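Lifted from TrEMBL, the feature list:
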TRANSMEM  12-31  transmembrane segment
TRANSMEM  91-111  transmembrane segment
TRANSMEM  131-157  transmembrane segment
TRANSMEM  178-205  transmembrane segment
TRANSMEM  320-341  transmembrane segment
TRANSMEM  361-379  transmembrane segment
TRANSMEM  399-422  transmembrane segment
TRANSMEM  443-468  transmembrane segment
TRANSMEM  474-495  transmembrane segment
TRANSMEM  539-561  transmembrane segment
TRANSMEM  567-585  transmembrane segment
TRANSMEM  735-759  transmembrane segment
């Protein structure tokens, strides 16, 4: 038996979650001490400011009027983001209720809504709760996961909009202070999301146990609805937010930077407020929901497979809670890791920002490896059996240590490879920037080639993680490998959220008319944030591959499929259609961004031509109209791609059966991961190639610049093409593969009992 008893397990998990929430509140309190009012004047030099780089000796250039302006801009961004999310959540509330009804009807009809107990699916000699109970509890879990995902995204947005102007004001005191303000704000989101996700899942399991009792198979089958709810909300959040932010961004760039030759966040640009709002609803709220969905699905996949193994048969609660204990350890490890960025080391120059963020990934991975070892040896028996597609596989606790660790380190490799291909500190992005000498066409060619090439090593890392984890512990090994990749989610989210907060801080500095030296500091924060955002997307895509495969294995076993034979027509047609879905989905999202951006460009052009004195700065643009264009377009355009993803498993499973659906899931997984990595890295490379030219930090960059040069305009066009790739289509594709897999798992009992209607009719 495991050394960790049930009582201690029941205590440790909520304590870890509460510590995470407490640490998030502490970080928020420290950020709140930065007053967004005129009393936040620049004080005399302190140790941090005096130790900073040469630009940090500027004092007192921005007065009370500038602080007031920052507060006004922050309020406009916050109001716009809040208004959009509340409107979006009204749409999603209707979807939640409708899909909740579908889940209940589909699962309830498996046994004709009978209230009688039934033989267990995996242990025929035992009796399990009725299918109607599974339908009801799966629906409740779905609604709970949906609600937690929505709250996660909303809280992240509120924290980001609270912190952006404060980061700008701290930049007057030195780049180190601004970095700490942005990172602490990101940590608030990271720890709140990780801790809330763990706590809600833990509470749901214990509440469901009151009814299910010893029926752990039924309990954890119902809990999979939690992952479905989290991921379905993430899909709409990512797509809706991505369309919003990129419509505004493309409109602002094409008219403002290319046609009018004004800075990116110039207050004369009518789309600038919508652009900054979009950073929060897309990169913060959407990304938060996305990573919460990954966490929920990987946890649910591991719990489900564990429940039909010896953990569930022996009712070993501490071993059964192994995924939750890994997440608990991750919160504690990330807490210590955060202190390295905010307390143990000071940022004294802009050159230290990006290394400090990358160091967070390495420190958390090293510490978490030790944490995994502790959890594996105290929570698991020395030897146990795991479900292996109808047979049992004998596994030792150190096998699971390697499974989780290989996922953790594969995530680090994917993160660093993503950074190599998207950071302008390295040759790939510099080569893309250099290609701008001959125009936008060569920039696009080099960027696409970089994106395709960047897929190679991450796929090998994922393949090795799959082989090792499956060889050691079958599908359970893959599920916990995915959890390992997400075990440092608090740190990952902290550095991911840091990016949009810094981006907004730079925009506010520009719009408030702050000095060039302060904008230089915020630009340095933003440049590092672009790279960390790309790393975060790499983590999300890598974990999605492992999560989807674990869910796929669980679906195959729950649907009663002995093996998936790709040579059979039923499976192969599903495989080829599934491989096509990421392209169909990307076409819909890219066209949605293009359609919304077209309206935005026309509106921005109209205002520049129709409002006298706008270019001269004597008249104010109509920001509200641009915000409305982005809002209306994103809410309208997010529905068709969302419907494609949600309806595909329903149609495939109901009309073509579980074999065809298994092919669809496999095809979407293999195709979607590759397209997602390529799209995200291509867009990130184009973005940082543009910033490389703008910054002029090397002789090569100076030769390409300055802003407004032909090479810079070519880089802006490449960045504009890449925007929907890296912030809409790419990040949304990882949700596509996860969501279809978890939806198929939740509805597997219905598909197995009543699916394949077309083949039945024509047989």
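Positions of Cβ are set from backbone N, Cα and C atoms, glycine also.
Non-local neighbours of the transmembrane segment (567-585) in the same chain are 641, 644-645, 648, 652, 656-657, 659-672, 675-676, 729, 732-733, 736-737, 740, 759; each lies 6+ residues outside the stretch with a CB under 8 Å from one of its CB atoms. As a quick check, the transmembrane segment (12-31) and the transmembrane segment (399-422) miss the bar of 3 or more Cβ pairs under 8 A, pairs 6 or more apart, so the two do not touch. Contact count against the transmembrane segment (539-561) (Cβ pairs under 8 Å) is highest for 735-759, out of 131-157, 178-205, 474-495, 735-759. With pairs at least 6 apart in sequence, the transmembrane segment (178-205) and the transmembrane segment (474-495) have 3 or more Cβ pairs within the 8 Å limit; the two touch.
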